[in-house]
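Contents: one structure, followed by commentary.
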Amino acid sequence: MSQRDYYEVLGVGRDADESELKKVYRKLAMKYHPDRNAGDAKAEERFKEIKEAYEVLSDSNKRAAYDQFGHAGLNGGVGGAGAQGFSDAFSDIFSDLFGMRGGGRSSVHRGADLRYNLEITLEQAARGTETKIRIPRQEACDTCHGSGAKPGTSPKTCPTCNGHGQVRMQQGFFSIQQTCSHCHGSGKIVSDPCTDCQGAGRVKRHKTLSVRIPAGVDEGDSIRLTGEGEAGASGGLAGDLYVVIHLASHPVFQREGNHLHCEIPISFTVAALGGEIEVPTLDGHARIKVPTGTQTGKIFRLRSKGITGVRNQSTGDLLCHVAVETPVNLTPRQKELLEEFESISQKDGSLHHPRAKSWMEKAREFFTE
């Protein structure tokens, strides 16, 4: 349905975690729900858009595909649900909010997300590439398999929260659940810790990963590698790794969205007489015709010679900015010819310098006012 950026729809950053997504979704969905906006077609459409965005970003697999390839990575996208999906969409949100989960359960901690800044060339960004990165991170201890307990032993149920990971506090008419301070939410107590990880269940290691960079990425884009962040505590899920793209400066091109810019120096004779010159492109070279009287600042646009974007799949243009070069290190003969040209130009009064004449006219008007 929606082709807007899902992060923009929810108003969150690309590194938003699950709790932030849920909080924002709950707020927006309750605001635009059709039951609260009866007969408001725009509110209903906005609600569907919000729900569609949340369904993608709250699913780790769909989110990873979307982060890499945009809407094209979702195999046709996710169909927006109508108001009939309200109860299903909010069941886990309300149960979290009011502590209505049945039976109680111990809390495990998801591992931290990691960020890796990766610099690539403009050519790699345009065509896509695959590269290897090495990251430091917390991984589950091989000896205790992440439990933190010495081999042959196992963690015991926390006596304070009876393994729930939370304790209930009564405040007036309200009953509030809080994380157990004894087991820190794990529901387990390690009395005989693993000697390799000192009971932490995690150890510091370096991991080499292969990262596929899709064609068309731009500065600041991030690629999410699900489960490649730090290991969770007490057997919790691992966090994610966000590889943030940075473009190295290029000796010829500057990128602006999907467009490319470059400066093309041409001789003053070609600028005056016209001609044909060769200009660089990402794919090789192209030839452009230079009309007579071309001035510095003239822009030649080569259609579809820019970059094809990773999200909208539209291809930008190459914009060539002319810089007319003044000759240096003249030979006596060259200097003589130029002096002759200048002398003839002044005698016949012809308009050989349009910008100079325009500037002189403006200056004359300024001083005679």
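Numbers here mean position along the shown chain, with the first residue as 1.
Placement of Cβ uses the backbone N, Cα and C atoms for every residue, glycine included.
Taken from Swiss-Prot as is:
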{"type": "DOMAIN", "residues": "5-70", "note": "domain 'J'"}
{"type": "REPEAT", "residues": "141-148", "note": "repeat 'CXXCXGXG motif'"}
{"type": "BINDING", "residues": "Cys141, Cys144, Cys194, Cys197", "note": "Zn(2+) 1 binding site"}
{"type": "REPEAT", "residues": "158-165", "note": "repeat 'CXXCXGXG motif'"}
{"type": "BINDING", "residues": "Cys158, Cys161, Cys180, Cys183", "note": "Zn(2+) 2 binding site"}
{"type": "REPEAT", "residues": "180-187", "note": "repeat 'CXXCXGXG motif'"}
{"type": "REPEAT", "residues": "194-201", "note": "repeat 'CXXCXGXG motif'"}
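Cβ environment of Cys144 (Zn(2+) 1 binding site): Lys150, Pro151, Cys194, Asp196, Cys197, Gly201 lie under 8 Å away, each six or more residues apart in the same chain. Remote same-chain residues near the repeat 'CXXCXGXG motif' (194-201) are listed as 140-144, 146-151, 231, 233-235 (criterion: CB distance under 8 Å, separation of at least six residues from the stretch ends). Sequence-ordered, the extra residues of this chain that approach the Zn(2+) 1 site, with Cβ no more than 8 Å from the Cβ center of Cys141, Cys144, Cys194, Cys197, are Asp142, Thr143, His145, Gly146, Ser147, Gly148, Ala149, Pro193, Thr195, Asp196, Gln198, Gly199, Ala200, Gly201, Arg202, Val203. According to DSSP, the secondary structure content of the repeat 'CXXCXGXG motif' (141-148) in residues is 0 helix, 0 strand, 8 coil. Cβ neighbours within 10 Å of Cys141 (Zn(2+) 1 binding site), excluding its own Cβ and spanning all shown chains: 20. In this model, the domain 'J' (5-70) carries an average pLDDT of 86. Distance noted between the C-alpha atoms of Cys180 (Zn(2+) 2 binding site) and Cys141 (Zn(2+) 1 binding site) is 24 Å. Among the listed binding-site residues, namely Cys158, Cys183, Cys197, the Cβ with the most fellow Cβ atoms inside 10 Å is that of Cys183. A coil conformation is recorded for Cys161 (Zn(2+) 2 binding site) in the three-state DSSP classification, outside any helix or strand. Here the C-alpha separation of Cys158 (Zn(2+) 2 binding site) and Cys141 (Zn(2+) 1 binding site) works out to 22 Å. In the three-state DSSP scheme, Cys180 (Zn(2+) 2 binding site) is classed as coil.
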